[in-house]
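Annotation source Swiss-Prot lists ATP binding site at Ala259, Gln260, Thr261, Gly262, Ser263, Gly264, Lys265, Thr266, citing sequence analysis. What Swiss-Prot records for 1-10, 19-34 is compositional bias 'Basic residues'. Per Swiss-Prot, compositional bias 'Acidic residues' is recorded for 104-116, 402-419. If you look up Swiss-Prot, you'll see 137-154 marked as compositional bias 'Basic and acidic residues'. Taken from Swiss-Prot, the feature domain 'Helicase ATP-binding' applies to 246-449. According to Swiss-Prot, the domain 'Helicase C-terminal' annotation covers 494-643, on the basis of sequence analysis. The motif 'Q motif' annotation in Swiss-Prot covers 215-243. Per Swiss-Prot, motif 'DEAD box' is recorded for 374-377.
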Amino acid sequence: MVPPSKKRKLPAATGPATKRSKNIPKPSSSKKKSGKESRSTVEAGALSWASVGEDFGGLEVIEGVDVVKDGNRVQFLVSGDKNKSNIIDPQQEVVDGDRPFEGFGDDAVEVGDIDSGEVGSDQAGAESKKPQGKNKGKNEPKEGQEKADQETNKKQKQKQNKNKLDGKNGAGNKQDEQLVKAAQGVQKSSTRGGNTFGALADGNDYKDQEDVDMAAWVSLNLSPQIISAIAKLKFMKPTKIQKRTIPEIVAGHDVIGKAQTGSGKTLAFGIPMVERWLEMQEQGVKRTGPMSLVLSPTRELAKQLGDHLKALCDGLPSAPYVCVVTGGLSILKQQRQLEKADIVIGTPGRLWEVLSGDRALQSKFAKIRFLVVDEADRLFKVGQFKEAEDIIGALDGKSPGDDAESEEESDEEDEDDEDAARQTLVFSATFDKDLQTKLAGKGKSSGNDDEKMAYLMKCLKFRGEPKFIDVNPVSQMAEGLREGLIECGAMEKDLYLYTVLILNPGRRTLVFTNSISAVRRLTPLLTNLNLTALPLHSQMAQKARHRSLERFTASRNSILIATDVAARGLDIKEVDQVLHYHVPRSADTYIHRSGRTARGESSGISVILCAPEEVLPTRRLASKVHAVRSAGVKREHFIQTLLIDRKAASRLKPRVDLAKKIADTILAKEKAHSDDTWLRNAADELGVEYDSDDLEEINAGGGKGGRGGGRKRKEQTAKQLTKAEMGALKAQLREELSRRVNLGVSERYITGGRVDVGALLREGQQGGMFLGNTDGLGFDL
């Protein structure tokens, strides 16, 4: 007998079946669902997606659809009874608000009611006029009525738009042109793979760009693309160095440019390089490697040069690829970037590390069109950057081991070589070799300009006589800079440094020292005094150096304590004052240090803390920096002696001594732990026993005399402070910092009439530190 599960059950014949309409789907028996239903493959765009809402970021969902992955393809399967409910009829009328975006057309933009989104409504209604083909049935009268209502509403809106356009004046036409420009900006951005929404945002800035007068840049024979990019940077007119050097560089001459700090030397060589790259793109010149090489003495300056050139290129429809090659970062990533780089900016050490082992890369760099040496006097200082000379030799096809005779022969051959198409551009604020001599020794004048530039001519290969452009031959200091000097003892510099910072609160300050150890000591000292102090020196990791610069730029009251690694080229906005904790070793260092403030048309101050043993170097510094300035200047002294309030300094001394003791103790403990770890590891490697107590006795017994004996005894004493003693010192310092410094106010008879109590209360609410009046630094304005 056949099992019951395999028997076929026939439907009961109750009567003749009614005739089914074509538009009514055939009802399927629930008992047939055990078999597979017929499913069809549908494209994702043809499905009727339903929007969840704006709260979910515009998420759309659909029901009754199976998703099947076939290899790399994704298919959407819809069952037969749900085809019509989940699939959008392509011939159905598309409403303007629901029609998908198909990109901008080539026709002119028709401006309508912007708030209601009716721009280009004629194109939106083009699809709705198509006749409906096979969609006929019971719902036909209802759909026809909806279509008639939509056409009526559309005609009314078009009539309203026409009335609005007829009533607009010239201002409306100008707005229309701006919208057209914005749409064109979107098309340009999309063609080059940029951010479309960023282009839409840029369309709102056309009015601001039209207000910028760029007539001063037009006379420099620059392309409209470059002028437009400069306009986006809001540079109204070129600086003196830019106005004189850009035409010479564009004409193909080698240039040596000298200008004061903060005068725009970066764009003076950056604009011609980008201009040349645009010309090569228009001419269809095939890329054979990097077009330009820029050498920088420090990592921070190299990064800044790259940021400035990238900002210039951001305003171009097509821009060169700028690559920064510095130490402290991944060398593999930099090697990959060099494969596609057009403009390379690097420091000599890392750049030579990349070039030295790659002959193919050296051959590509030998074909560069521009060689730019920024801060050339620092790069080619005798005995400083051996890698810079090796890089120049590699560009000329020489190996580092070539002797002098082979170099002379190659120089004679290169003079007859017509393929030497490389332009050499040299920029700095100081080319006088006399400024590089040490202030502590006796230096002789190096003579005229020809003798001063002779050392550069030996290092660099110019195609001929370079154009020497000096825009400020009289003064090498910025016009808005005021210079001052504070006389103090060698052991009182910490006190007077803190006094200057307190007398000038709310200023972004840059403190320069001559040693890394001073940076490591001053940073915790000022931090203990509740000041935002940040370190910067060459032994820090590169990411830590970037972090210090970013924090210094972000905070208005921050203090950056740095060595001369931050003296050249750094363009930090709104640096109010520069303090020289040590007198610089050379005059050119003082010029570049002071150039971190008073950049461009802004003002700033530069103050030297001068100890008695530094008086002679300070006099030589003043004579070298300001000797050429004529007597027609109004100021009697270029470096003014500041009569700082000694009473305020004496009242601040207790808190400075406490902070210094805490900082020295922490540094001594860290140093002892580091030395102990090193000696213990060395003893383990040698296989001998290490006894720290015996070593301490030896070190303590050798303190009778000799150099550094007193310092070692102080470190030994600071090392022995216990944790409880450190806590007591910190509590005492907190108590000192919580009180305001009294500068002569009678606390016992405060209502006697001689004290402005209201002013004291207001100063206390604003964070004032003193009780009484202070004269500041005493600059003669």
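Every residue, even glycine, has its Cβ placed from backbone N, Cα and C.
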Same-chain residues at least 6 apart in sequence whose Cβ lies under 8 Å from Ala259 (ATP binding site): Thr239, Lys240, Ile241, Lys265, Ala268, Phe427, Ala429, Asp470, Val471, Asn472
Neighbour tally for Ser263 (ATP binding site), based on other Cβ positions within 10 Å of its Cβ: 22
Residues within 8 Å of the Ala259, Gln260, Thr261, Gly262, Ser263, Gly264, Lys265, Thr266 Cβ centre (excluding the ATP site residues themselves): Thr239, Ile241, Ala268, Ala429, Arg599
Collapsed DSSP category at Thr266 (ATP binding site): helix
Residue with minimal Cβ packing [other Cβ atoms within 10 Å] among the binding-site residues Gln260, Thr261: Gln260
Tertiary neighbours of Gly264 (ATP binding site) (same chain, Cβ under 8 Å, six or more apart): Pro238, Thr239, Ile241, Gln242, Gly600
Which same-chain residues, if any, lie at least 6 apart from Gly262 (ATP binding site) yet have Cβ under 8 Å of it: Ala478, Asp571, Gly595, Ala598, Arg599, Gly600
Local confidence of the prediction over the domain 'Helicase C-terminal' (494-643), expressed as mean pLDDT: 91
CB within-chain contacts under 8 A for Thr266 (ATP binding site), separation at least 6: Gln304, Leu305, His308, Leu309, Asp374, Asp571
